[in-house]
Amino acid sequence: MSDNITDLEPTAERPNVRKVFVKTYGCQMNVYDSQRMADSLAAEGYVATDTPDDADLVLLNTCHIREKASEKLYSALGRLRKMKDAREANGKELTIGVAGCVAQAEGQEILRRAPNVDLVIGPQTYHRLPNALARVRSGEKVVETEYALEDKFEHLPSPKREETRKRGVSAFLTVQEGCDKFCTFCVVPYTRGSEVSRSVKQIVAEAERLADSGVRELTLLGQNVNAWHGAGDDGREWGLGELLFRLARIPGIARLRYTTSHPRDMDDSLIAAHRDLRQLMPYLHLPVQSGSDRILKAMNRRHKADEYVRLIERIREVRPDLALSGDFIVGFPGETDQDFEDTMRLVRDVNYAQAYSFKYSPRPGTPGADLDDHVEEAVKDERLQRLQALLSEQQYAFQDSMIGREMDVLLEKPGRVAGQMVGRSPWLLPVIIDDSNDRVGDIIHVKITSTGTNSLIAQKLA
């Protein structure tokens, strides 16, 4: 557990300061949440460190989507228990906190299974983190998972400009949380709550602050991001499409993305944004989970497979260069060979640039956990292997199709060798450019010459 994967840069050494190590598991929103928790702690005098070995506070921001994520948490807590015992033997302290969706789902159970934990705090209450830590210092074991009545975003401090600059030229911005879809396999409605949209005023203010700190690309986040809605500047009710047009007017913001979407919430205004908004990148993550109508109904997805395919056709009609990403679950209870073949057919019909696929694992508290007719693990394994082979074939074909193409690339960081830069293509793929004297944050025109492992190799054009 030596990696800090939250994009929190360690701060220069200062004597007698409290240090925090944040470990993030799971989705992009957890990365965003970790950054905001770090901002709260910075306001209390904590500085980030890139190792738990010298941290005064270790905070694990957790994911509950799959069973393995919970197992990772308890394995990490076992290692931290030994570290905490060693500290106490030398008269020193280590505070251990668990945040995120496992914290929300399990609460007091975490303290029972891991008594070395001092603090459990959910994703809707992390604005109370400084107060919770004060209670821990007074000797209390704290579980803070009740859904807050107040808007947490109104109570979170903004990071200092130099801290935002250290995080890079691409940034996440949460605009929506929670989900009301209640897919039978999913824990999100139970760990993140009902759908809540942040106000246009809040979102624009945060986006302007990020742009002022040098951010060029914004990715809007939500568990069901295209369900976002709110009162617009013009007095009308806006959807995500209108919000994207508003954010595109902010000076300095050159690129926009959003994730994760639900097919039922892809409305006309959002499709129009893909057609008309040059800042909106031609990349869409739109999960379908299965190509079988019978399984989609059992999952409570509220759409059919052919409706999903027709939706993709509509978007590609207005944005022919769109690259599509998706999510798939194999082995959902009752999935037959024919159901799986329907999924394979949908994948062939849609042709994905990238996709994520998993074996179904029942999550406690979800309707899917109570279903009978579970698929044997060996069958799940075989289906997953076949699906991933097809998706990999499509992914490599998409990357190969980039060879010879010209495109604009946003430079994000120096490469591993002198003179090399790493950027991001409009289709989200990393692009490696040799012999570049450009700066991070520049957008340069390149020609793709070859492909690497999940990356593109390019030559800068004059």
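Cβ from N, Cα, C; glycine included.
Features reported for this protein in Swiss-Prot:
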- 18-138: domain 'MTTase N-terminal' (DOMAIN)
- Cys27, Cys63, Cys101: [4Fe-4S] cluster 1 binding site (BINDING)
- 165-397: domain 'Radical SAM core' (DOMAIN)
- Cys179, Cys183, Cys186: [4Fe-4S] cluster 2 binding site (BINDING)
- 400-462: domain 'TRAM' (DOMAIN)
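What Swiss-Prot annotates, mapped onto the structure for a quick look.
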| residue | record | CB count, 10 Å |
| --- | --- | --- |
| Cys27 | [4Fe-4S] cluster 1 binding site | 19 |
| Cys63 | [4Fe-4S] cluster 1 binding site | 21 |
| Cys101 | [4Fe-4S] cluster 1 binding site | 27 |
| Cys179 | [4Fe-4S] cluster 2 binding site | 23 |
| Cys183 | [4Fe-4S] cluster 2 binding site | 22 |
| Cys186 | [4Fe-4S] cluster 2 binding site | 22 |
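Confidence across the domain 'MTTase N-terminal' (18-138), taken as the mean pLDDT and rounded to a whole number, stands at 91. Each of Tyr25, Gly26, Met29, Asn30, Thr62, His64, Ile65, Ala69, Gly100, Thr191 belongs to the same chain as Cys27, Cys63, Cys101, is absent from that list, and has a C-beta within 8 angstroms of the C-beta centroid marking the [4Fe-4S] cluster 1 site. Break the domain 'MTTase N-terminal' (18-138) down by DSSP state and the numbers are 66 helix, 25 strand, 30 coil. Cys63 ([4Fe-4S] cluster 1 binding site) sits 12 Å from Cys186 ([4Fe-4S] cluster 2 binding site), taking the C-alpha atoms as the reference points. Within 8 Å of the centroid of the Cβ atoms of Cys179, Cys183, Cys186, where the record puts [4Fe-4S] cluster 2, the same chain has further Cβ atoms from Lys181, Phe182, Phe185, Val187, Val188, Pro189, Gln223. Across the structure, Cys183 ([4Fe-4S] cluster 2 binding site) and Cys101 ([4Fe-4S] cluster 1 binding site) place their CA atoms 17 angstrom apart.
For the domain 'TRAM' (400-462), DSSP puts the residue distribution at 2 helix, 33 strand, 28 coil.
If you take the Cα of Cys101 ([4Fe-4S] cluster 1 binding site) and the Cα of Cys186 ([4Fe-4S] cluster 2 binding site), they are about 12 angstrom apart, rounded to a whole number.
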